[in-house]
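Below you'll find the structure, written out as structure tokens, and then a few comments.
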Amino acid sequence: MLAAGFFFVVGTAFSALARSLFILLVGRVLLGCGVGFANQAVPLFLSEIAPTRIRGALNILFQLNITIGILIANFVNWFTAKMEGGNGWRVSLGFGGIPAILLTIGSVMVDDTPNSLVERGFDEYAKIVLKRIRGVDNIDPEFEEILGASKAAREANVRRPAPFGGLLMRHNRPPLVIAIFMQVFQQFTGINAIMFYAPVLFSTLGFHSDASLYSAVITGAVNVVCTLVSVYFVDKLGRRVLLLEAGVQMLVSQIVIGVVLMMKVKDYSDDLGKGYAFLVVIMVCTFVSSFAWSWGPLGWLIPSETFPLESRSAGGSVTVFVNMLFTFVIAQSFLSMLCRMKFGIFWFFSGWVVVMSLFTVFLIPETKNVPIEEMQDKVWKQHWFWKRFMHRTD
């Protein structure tokens, strides 16, 4: 997290003060490094320090703050775009230094997780940190679980050195497969298609030049509110319920959007009519809301809580890598797909929603209220399919 803060601070400085395209690109690369470090470290950190009963809610606060940051950034961009002198973009990029500095300071102030300290041999200090986090003196049962997980991790490391070597061991295949596919599915929900079309739809409702702003604000506000819904329900209803309910909601909304656009929008025409445009905007908000309380935050939560200690950091790295890879793939191919498939692109993504919902039904286990160090015994060994991988041999 400290490394992420450093990259964000330096990247912000390069971006806001750039005098050439090359320097601006250097700044963007540094900011990208910050995103990678933060996305790997923060969900993992939150899952390891969180009490079991609120682990999902605490972890999803990470995603909630991202959605709040996106909404604030949209407002900042709107105001700086109106600045005279052509330097509004510098001010906009410079504002990124505020959260960057806060992240850096916060990273210095917090301790490493007890799990990480034990893994590196600092058992006594880990016990002190765990008492401080829990606010009680009687932490022996939980500390013994951490020690047991660390012992198992060391035994696994003898057979295949961690962190990345451990990922290839048989008992790590279930969380690895789920982590990879959840990142692929998160990008194939069609969230990019929805966000691309939103300004056009708002334009047909009469917002005209301010359509992009209203689109960003409304969808951003929906994103924030519905991520809060996930914070509240994830430890009450469970992960699977949110994923499956969202699958139905996303499927219906994308099919409706595709049907309306097929019927009302032809080549070189953007005239939906107020009634149909309003319907599609409602469906856009319906889709965004379902994504915000399901595949958006849970795509980070579930991988961060399911890997065993010896491969948890490496598993988080693979999760971020696959997510960013398929974000790039969708970003680079989306416009070509849109030009060829037109309204059919929504049906294309709705087909993927069916696939990911079936994947959830059969292969994603429920991790609600399961201590992070007991996932193997209480989750993987009890699952109808994954239990066959749960013996610690290669």
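Using the three backbone atoms N, Cα and C, a Cβ is placed for every residue, glycine included.
Looking just at the domain 'Major facilitator superfamily (MFS) profile' (1-368), the mean pLDDT is 88. Annotated domain 'Major facilitator superfamily (MFS) profile' per TrEMBL: 1-368, in sequence order.
As annotated by TrEMBL, transmembrane segment applies to 58-79 (among others).
Residues annotated as transmembrane segment in TrEMBL: 91-110 (among others).
As annotated by TrEMBL, transmembrane segment applies to 176-200 (among others).
Annotation comment: TrEMBL describes 212-234 (among others) as transmembrane segment.
Positions annotated as transmembrane segment by TrEMBL: 241-263 (among others). Outside the transmembrane segment (241-263) by six or more residues, the chain places 189-190, 194, 197, 230, 233-234, 272, 276, 279-280, 283-284, 286-287, 289-291, 293-295, 298, 342-347, 349-350, 353-354, 356-357, 360-361, 364 with a CB less than 8 A from a CB of the stretch.
The transmembrane segment annotation in TrEMBL covers 275-302 (among others).
The transmembrane segment annotation in TrEMBL covers 314-338 (among others).
According to TrEMBL, the transmembrane segment annotation covers 344-365 (among others).
Counting Cβ pairs closer than 8 Å to the transmembrane segment (212-234), the top stretch among 58-79, 91-110, 176-200, 275-302, 314-338 is 275-302. For the transmembrane segment (314-338), the residues of the chain that approach it from at least six positions outside its boundaries are 35-36, 39-41, 43-44, 162-164, 166-167, 172, 175-176, 179-180, 182-184, 186-188, 192-193, 196, 299-300, 303-304, 306-307, 345, 348, judged by C-beta separation under 8 angstroms.
The transmembrane segment (58-79) shares more Cβ pairs under 8 Å with 275-302 than with any other stretch in the list 176-200, 275-302, 344-365.
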